[in-house]
Amino acid sequence: MVTRETKLTSEREVESSMAQARHNGGGGGENHPFTSLGRQSSIYSLTLDEFQHALCENGKNFGSMNMDEFLVSIWNAEENNNNQQQAAAAAGSHSVPANHNGFNNNNNNGGEGGVGVFSGGSRGNEDANNKRGIANESSLPRQGSLTLPAPLCRKTVDEVWSEIHRGGGSGNGGDSNGRSSSSNGQNNAQNGGETAARQPTFGEMTLEDFLVKAGVVREHPTNPKPNPNPNQNQNPSSVIPAAAQQQLYGVFQGTGDPSFPGQAMGVGDPSGYAKRTGGGGYQQAPPVQAGVCYGGGVGFGAGGQQMGMVGPLSPVSSDGLGHGQVDNIGGQYGVDMGGLRGRKRVVDGPVEKVVERRQRRMIKNRESAARSRARKQAYTVELEAELNQLKEENAQLKHALAELERKRKQQYFESLKSRAQPKLPKSNGRLRTLMRNPSCPL
């Protein structure tokens with residue numbers, strides 16, 4: 001999230017740089033100190049007027065450019081700036097002068113996103129400049145793979161600025177889905193008694209603020225800082241150090257949003273080792289696996305409390321997913337997560353070809369099913385014909401068997417009759433012979 005302190009720091013650095021340039025009286029740079037982008041380590045900290053004078057040599061105004069042309073010019077300027085810094089670093093490795101163009105070369109390594117530190121001040125000013133350089137390290141990275149939404153591509157820079165101005169500073173800020181950003185309200189709530197700064201004009205706004213408010217990129221939210229429990233003793237040793245907040249796992253009560261400064265139930269370092277600085281410390285919890293914040297809460301019954309888990313070193317966006325976690329999910333599972341960053345999903349060919357392929361596939365499936373049904377029907381008819389033939393053969397065999405059985409019985413009965421008829425005449429002849437014999441021979 002772009003804080004108000006960073007904005008004020010950028011304005012003070014620009015004013016100090018202009019005063020330093022007038023004091024040195026360099027030739028060709030009296031009208032504007034930022035004629036060369038190589039003197040800035042991050043072009044996103046420049047205002048639009050400074051970037052206009054440094055880049056547009058042909059006199060073309062940014063207001064007449066489309067947003068596509070504006071982003072292309074920013075990327076070209078960033079590449080030139082990086083090339084100049086590399087060349088200057090290569091030249092400075094051989095011979096490093098004590099003071100060059102009013103800049104202190106010892107502070108050039110303050111960070112890629114920071115603004116260069118001017119010399120000519122005391123040691124305290126150098127320390128303050130180093131701190132401001134570290135604060136400015138949250139500049140926008142190169143968005144070379146970013147695709148603008150279709151309505152935003154057709155608009156000019158002046159039209160986008162007018163929409164931002166009408167919206168009261170929020171404009172089209174927020175994510176690509178159209179949700180407006182609430183950074184101004186959060187900053188006012190955090191700063192409390194600070195007086196509201198005046199609304200910057202078009203030329204005074206930095207490139208980073210303009211791109212964020214226009215909706216080209218998202219804001220990176222700051223790390224949540226939970227308030228201490230009022231029921232506990234106000235002991236300074238229970239305060240969590242700032243260095244340990246990056247490795248903090250907290251479970252917050254009363255809200256589904258982990259950025260809400262609620263009550264922390266348990267904190268700890270994922271490595272499992274205690275960290276104590278300055279004689280104080282905090283109670284360690286057992287090692288917890290890095291969790292993913294989904295923005296929603298878990299309720300236990302009607303009156304349950306909502307809880308959320310925060311992972312280390314993963315700034316949570318407005319939709320509840322960290323930028324690094326989204327990239328890891330897309331790279332691990334091969335899923336195109338471009339829709340979360342405003343990019344449209346690439347369609348596999350024209351719609352007509354897709355429909356034609358589907359129709360051909362449906363026709364092939366129908367033909368295959370018809371062939372299968374025809375084969376099944378032919379097999380059934382063949383089985384029925386074989387069954388009828390077997391039935392006829394079975395009937396013929398049964399009839400032949402019955403005829404054979406009848407003939408066999410008939411022959412048996414005929415044989416029995418032929419055996420019983422010759423015995424009767426023999427018995428009669430014997431009886432006759434016995435009756436003719438005389439009883440005595442006289």
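Using the three backbone atoms N, Cα and C, a Cβ is placed for every residue, glycine included.
Of the candidates Lys131, Lys344, Lys391, Lys407, Swiss-Prot marks one as SUMO cross-link, and that one is Lys391. Swiss-Prot lists region 'Basic motif' at one of the ranges 257-276, 357-376, namely 357-376. Ser64 (phosphoserine) is 96 Å away from Lys391 (SUMO cross-link) when you measure Cα to Cα. Secondary structure of the region 'Leucine-zipper' (383-404) per DSSP, as helix, strand and coil residue counts: 22 helix, 0 strand, 0 coil. Every protein chain considered, the tally of other Cβ atoms within 10 Å of the Cβ of Ser64 (phosphoserine) stands at 10. When Cβ-Cβ distances below 8 Å are used as the criterion, the region 'Leucine-zipper' (383-404) is approached by no residue of the same chain that is at least six residues removed from its ends.
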